[in-house]
Ligand SMILES: [Zn+2]
């Protein structure tokens with residue numbers, strides 16, 4: 001039986017631990033300390049580190065963890081990841097027999113140039129590309145690239161659970177409500193998420209079905225989103241990539 005546990009790090013990061021009460025995978029360890037504490041409390045044996053992209057809040061804990069456990073480090077071939085032993089790119093498959101788990105690798109550039117995602121067991125570990133009701137900032141790519149990467153993730157099965165790396169959900173919903181004000185699924189999600197956060201419960205994982213219903217960055221072909229984006233830029237936008245670029249830019253400057 002596989003469990004997936006969120007370890008909180010920094011202000012709003014989640015380091016996901018995939019385990020079966022014995023063996024554990026550590027995903028995007030930005031900080032080693034909370035991982036070491038939790039793993040030893042739970043008496044788990046780490047077997048590998050999986051990394052989605054090079055940002056320090058996803059990789060900063062790798063050197064200490066490797067020093068402690070001497071485990072392999074999987075990550076994107078095109079990025080500088082400390083201690084990387086298994087460089088990955090689209091189409092690669094990872095197998096962890098200890099957990100009876102396999103993951104496919106997807107290239108999802110945009111937030112960073114070499115960003116990858118891991119998909120398997122109905123779970124998606126997508127780092128800083130797809131967030132619940134939002135998406136990552138475009139630091140190293142362009143809007144077309146990010147749009148294509150998000151569409152690739154959206155094409156996975158609806159039941160896929162989305163394990164992103166930050167608790168940004170409520171802020172994302174506040175923005176989404178402005179550009180998609182009459183979306184009933186979004187209104188419902190806002191109250192569900194507020195209740196969870198009041199009880200200090202993570203709002204993740206989400207699901208791709210929920211993201212397709214509520215995430216404006218996956219809904220750039222919807223009339224309400226096209227209308228809001230067009231109003232914001234002051235001209236009619238008639239293709240989804242332009243709509244995406246407009247709302248991504250809008251969100252960058254949204255308080
Ligand atoms: Zn990042």
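Keep in mind that glycine also has a Cβ here, set from the backbone N, Cα and C atoms.
Please treat TrEMBL annotations as automatic predictions, because they have not gone through curation.
Marked as Zn(2+) 1 binding site by TrEMBL: 53, 55, 111, 128. What TrEMBL lists as Zn(2+) 2 binding site is 57, 58, 128, 166. If you look up TrEMBL, you'll see 12-166 marked as domain 'Metallo-beta-lactamase'.
The Zn(2+) 1 site, placed at the center of the C-beta atoms of 53, 55, 111, 128, has further neighbours from the same chain whose C-beta lies within 8 angstroms: 52, 54, 58, 112, 115, 127, 129, 136, 139, 165.
Just so you know, the Cβ of residue 128 (Zn(2+) 1 binding site) picks up 25 other Cβ atoms within 10 Å once every protein chain is counted. Take the CB of residue 53 (Zn(2+) 1 binding site) and look out to 10 A: across all protein chains shown you find 28 other CB atoms. Cα of residue 55 (Zn(2+) 1 binding site) to Cα of residue 166 (Zn(2+) 2 binding site): a distance of 13 Å. DSSP assigns residue 58 (Zn(2+) 2 binding site) to a helix.
Counting other C-beta atoms within 10 Å of each candidate's C-beta, the binding-site residues 55, 58, 166 are led by 58. Other residues of the chain with a Cβ within 8 Å of the Cβ centroid of 57, 58, 128, 166, the Zn(2+) 2 site, are 13, 28, 30, 53, 55, 127, 165. In this structure, the binding-site residues under consideration are 57, 111, and the one with the smallest number of other Cβ atoms within 10 Å of its Cβ is 57.
Proximity to residue 166 (Zn(2+) 2 binding site), defined by a C-alpha to C-alpha distance within 10 angstroms, is shown by the following binding-site residues from 53, 111, 128: 128.
The two recorded residues, residue 128 (Zn(2+) 1 binding site) and residue 57 (Zn(2+) 2 binding site), show a Cα separation of 11 Å. In the three-state DSSP scheme, residue 128 (Zn(2+) 1 binding site) falls into the coil class. Confidence annotation: the domain 'Metallo-beta-lactamase' (12-166) carries a mean pLDDT of 98 in the model. Rounded to a whole number, the distance between the Cα atoms of residue 111 (Zn(2+) 1 binding site) and residue 57 (Zn(2+) 2 binding site) is 14 Å. According to its DSSP assignment, residue 111 (Zn(2+) 1 binding site) is coil.
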